[in-house]
Amino acid sequence: QGKILEKTGLCSQITFGRYVRQGRKLGVDPKLFIWDLQFNKVPVRVYQPKATSDGRRRGIIFFHGGGWVFGSLDTYEKVCRYISRESESVVVSVQYRLAPEHKYPAAYEDCLNATIHFMKNIEHYGVDPANVIVCGDSAGGNLAAAVSQTLAGRSDLPRLRAQILIYPGLQALDFNLPSYHQNRGVPLLFRERAAFFALQYLNGDALHMQEVLEGSHIPPDMRLKYGKWVNPDNIPEKFKVRGVKPLRPTDFIAEVYETVKRFCEPNLCPLLAEDAIVHQLPESFILTCEYDVLRDDGLLYKKRLEDNGVRVTWYHLEDGFHGIISLFDYCGLSFPAGKRGLDSVVNFLKSL
């Protein structure tokens, strides 16, 4: 529908997508205090349980999904309320700037700055500085991973207790991993849309999308360098039983690489971080869905973390698809698998 409206000149498909996903404001929650604030000029919404607590609570900084171009505080209102109530935690939902109007690294910088502000002013929110977690789904999972890597070496701030990555997108080198082919036409994220969103975030447009999908955008030497991490050989065989066809190699196009070379930056593609960074990361929770083009990004990062001695809790939704958590209690579209996935996040938080 968005493409049709764009072709007729009525509105862009991104504008239409934002309208569809905008969510709505909810009424008062009897169990939560909710405030709209700004952390270092970044809009945030803070959820704090009303019930008294024996000690300081855990704090969760939440980055919403939406391909870096969609999503808002209202879109994820029900998800954040549920996490705050069920885990009895203070949740900070971050409204980072969206692409294509604000290109990389705007979203990453907003998430990092909001997180640092929260950690420096943590006493105002009754949060234990030793129990702060970054969390996000899809593009928000990407941002949570990037923020976690950046803070891993900071000695002037408390160490993050954990990171929670819900079907995260973590690399843009290879759009031909098994999950990309198996689930290329599965809603809510098609293969071509994954590349479209990544390019919107990087450059503010989707030029060279076909070349990126084909893999012509990465030089052979870099493909070899990162091949130890972004490699289908690192994905368990049981995930390759559904229709995976090897592709013939495509020729490298230097002009395309010049426009997308920042895809090799870990702040944009956290799967490419060096081991020296990865081994410093906090305990991690990764949720993947079987019917999701981004499934293998999560599986590859799980292996990288475990190879570097990081404790990982992995939860796989065999009947899940990309975006299923965001549909929790959403206009009657809730799926049992989404509720199970959200509860797995809550259970992990309670275990910390």
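Just so it is clear, glycine is given a Cβ too, placed from its N, Cα and C backbone atoms.
Record features, source TrEMBL:
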DOMAIN    60-207  domain 'Alpha/beta hydrolase fold-3'
ACT_SITE  S138  active site
DOMAIN    251-325  domain 'Alpha/beta hydrolase fold-3'
ACT_SITE  D292  active site
ACT_SITE  H322  active site
Highest Cβ count within 10 Å among the active-site residues S138, H322: which residue is it? S138
If you skip the near sequence neighbours and keep only those at least six away, which residues in the chain come within under 8 angstroms of D292 (active site), Cβ to Cβ? Y167, S179, N183, V186, L189, G320, F321, H322
What mean pLDDT does the predicted model reach across the domain 'Alpha/beta hydrolase fold-3' (60-207)? 97
